[in-house]
Amino acid sequence: MDHSVSSVTPGSGLSRRTLFKALGVGALGVGSGGLAGCSGGLGDDTLRFLMNKPEVVGYFGELITAYNEQSGRPPVFFDSTPTSISAQFVRGVPPDLACYNYQYEASTYVNRDVLTDLRDTAPAQQIAPHVQELVSQFADEEHRFHVLPYSTAAAGVIYNVALFEDNGVEVPTTWSEVIQACQTFQDAGVVPIYGTYQEGWTMAQGIFDYCVGGMIDVAGFYARLREVGDEFEAGADYSFSVVMADAVARMTELAEFDNEDAAARGYSDGNLAFGQGQAAMYLQGPWALGEIEKVDPDLQVATFPLPMTDDPEDTKCRVNLDLGMWIPAQTPHREAAMDLLTYLFQPDIINTYNAENLYYSPLEDAPAQPDERVAGLQEYVDSGRFYQGPSTFIPPTIPLANYLQELLITGDPQAFLRKLDEDWRRLALRSA
Amino acid sequence: MTTDTATSPGTRATDPGAEAPRHRSRVPRTYYLMLLPALALFTFFITLPALAGALFSLTNYVGFGDWEFVGINNYRVMFTDPKILSAYVFTIGFSVVTVIVVNVLAMLLALGLNAKIRLKTALRGVFFVPMVISGIVIAYVFNYLFSTSLPSIVQSLGVGGPLSQSILANEDLAWLSIVIVTAWQSIPMALIIYLAGLQAIPDEVYEAAALDGATPGKQFWAITLPLMAGYVVINTVLGVKNFLNAYDIIVGLTNGGPGTSTMSVAMSIFTGFNSGDYAYQMANAVIFFLVTVIVSVLQLLLIRRRGVQL
């Protein structure tokens, strides 16, 4: 909450509006969509920069203040309201520059051609091609440069180093070693993996993405589905129920090692329990590390990618474009937006941001991630042995997280995959 | 109540036949002027957007960018979508159960709070508290109670059964938790209306009944309930309308889970805004609007029939 206050940059005559906004955010918490209406009425010269990732609002606030001091331009308005971007597009007042989580929702803007092509800009030349490619995995190839990756989150299995050592368990490099490790913990009375089924997204980004992403070619699978389009048929050789069958079977096998009350536990319960050393492993991304640190700053944790086959060479880690920058085509401030974008893409700014916030910089030749909690994923990121989570390719209209909840509580992999097939078919018919 | 206001203008208009023309020329203009601001606001902010939404339900619009007409495709797909159909089944079933629970409990509480008991005012205050707390706050508090407190109490009593686990994680029972919390929040409003109704019944009626030897139970069925019929009707109509729109409490308790077993229609419609599914969920909204209208009209017809008999 205090983030939103610190984010308010000293602007020209904005004090009342920003005050209201800060109050509104404080009073309503998240989802105060109605307040975003204010943002349409900024002065003509004011550039609106949107970045509302709560954990780093303070960090970006300082960056923008520093930029305003030296730019010689009208001060940038830093908008950190937690709001829906699609509503701003609907009203025709998108931000002038956005630094935003890139997933399915953002990719719809890309494909609907409402963003600027940035391929000829200087920052686009610095980005490692295998990271830039992540953009076009969701979108059409021609739109590849409509979003510039700013920050990559790499995720794997977070583990409790002391519990591993005490029980003589090595970091597993194959699927059978994973099961063996779980067995060892279970026999020793330690919860092998902490599951938090009450909040479905934790399963989608965790156990589902790790198991499926570790076994199939994610981008290829969804590219094929796009190709098939409205001809999609449930149970065909490209369908969910065929391609993901083995991975989902292994997923339910792995879920057997979750805590018994997983069905009634949520994300914050999981962070608390893992922070207190109640479980050996936790399938969460780097965003959970800060929360775990709050529980026990001295707890030694590290991350490894979940091996899903018996060949260690197959192991990959999950990545997502935690932040990507884009400029809406309709902005009247394109030149000013480019200036701020170029500023934020200076290597010492973008690399420092990523190093300090446990992410990986998308720039080629970026220095290694210094934090040992996520350093275990470095070689996978460097060599491009990663996938974007298969859950992030599934439009939110298919309630994957809810289906996973059902699957892991009642356990019917066939029914789960059949539902995905059926929903995908209906969606394809509708979007045709 | 509703029947009274609906019929009185009609009867008055037919009575004084000679004066009617003069009235028609003068009085209505003032009425129209008084109605105009509200009518304009309602048209611009409710009717027109709703019509636009209905129009977009015939397109593949995602909320921005290009779109084209796709005819009734969205509606056709919708009627084969088990997620949406089960949302309707859940929402309607939930509304019926909750309306009954809320009205029975509110009536019992109102009878208690209307009796000559000690601490009547303080108790009334206590019972109204849930009404002033935001639904999402209530839901998060109950979420904790259901997933942590209740199971540990049941376990420490050594009782097995489904309650020893969180009922929020139980596909067959999760809806009960939503009924309980919604009822907890909605009872005060119904209670206020029932209290007002009970206070409007003159004491003489009960005194006369008591002299005739009617027991308290007989008095309730023969006097209180018939005289309260109008209030029961109001509470039922308002309740059904509110419960059909169930949203915040479900989000805070189960978020539609486990699986999609507690997904309400309103939640389903809302997903359209974030998932590029705008047009499809607009089609859903149009159907939901029709369902709500039909339910309301049916209720009003039933009421009118009963209202005449009473």
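Cβ coordinates are placed from backbone N, Cα and C, and glycine is handled just like the others.
Curation does not apply to TrEMBL; its annotations are automatic.
Remember, it's a predicted structure, so these values are computed and weren't measured experimentally.
Residues or ranges marked as compositional bias 'Polar residues' by TrEMBL: B:1-11.
Among the features that TrEMBL reports, region 'Disordered' is placed at B:1-22.
When Cβ-Cβ distances below 8 Å are used as the criterion, the transmembrane segment (B:31-64) is approached by residues 70-72, 74-75, 273, 276-280, 282-283, 285-286, 289 of the same chain, each at least six residues removed from its ends. Sequence annotations record features per position, and here TrEMBL assigns transmembrane segment to B:31-64 (among others).
Outside the transmembrane segment (B:84-113) by six or more residues, the chain places 78, 120, 123-124, 127, 175, 178-179, 182-183, 186-187, 190-191, 194-195, 197-198, 220, 224, 228, 232, 235-236, 239-240, 243-244, 246, 260-268, 284, 291 with a CB less than 8 A from a CB of the stretch. Sequence annotations record features per position, and here TrEMBL assigns transmembrane segment to B:84-113 (among others).
According to TrEMBL, the feature domain 'ABC transmembrane type-1' maps to B:88-299.
Here TrEMBL flags B:125-146 (among others) as transmembrane segment.
The transmembrane segment annotation in TrEMBL covers B:219-238 (among others).
Sequence annotations record features per position, and here TrEMBL assigns transmembrane segment to B:278-303 (among others). Outside the transmembrane segment (B:278-303), and at least 6 residues removed from its termini, the chain residues within Cβ reach (under 8 Å) are 2-3, 50, 53-54, 56-63, 67, 70, 74-75, 77-78, 84, 88, 92, 233, 236-237, 240-241, 244, 265-266, 268-272.
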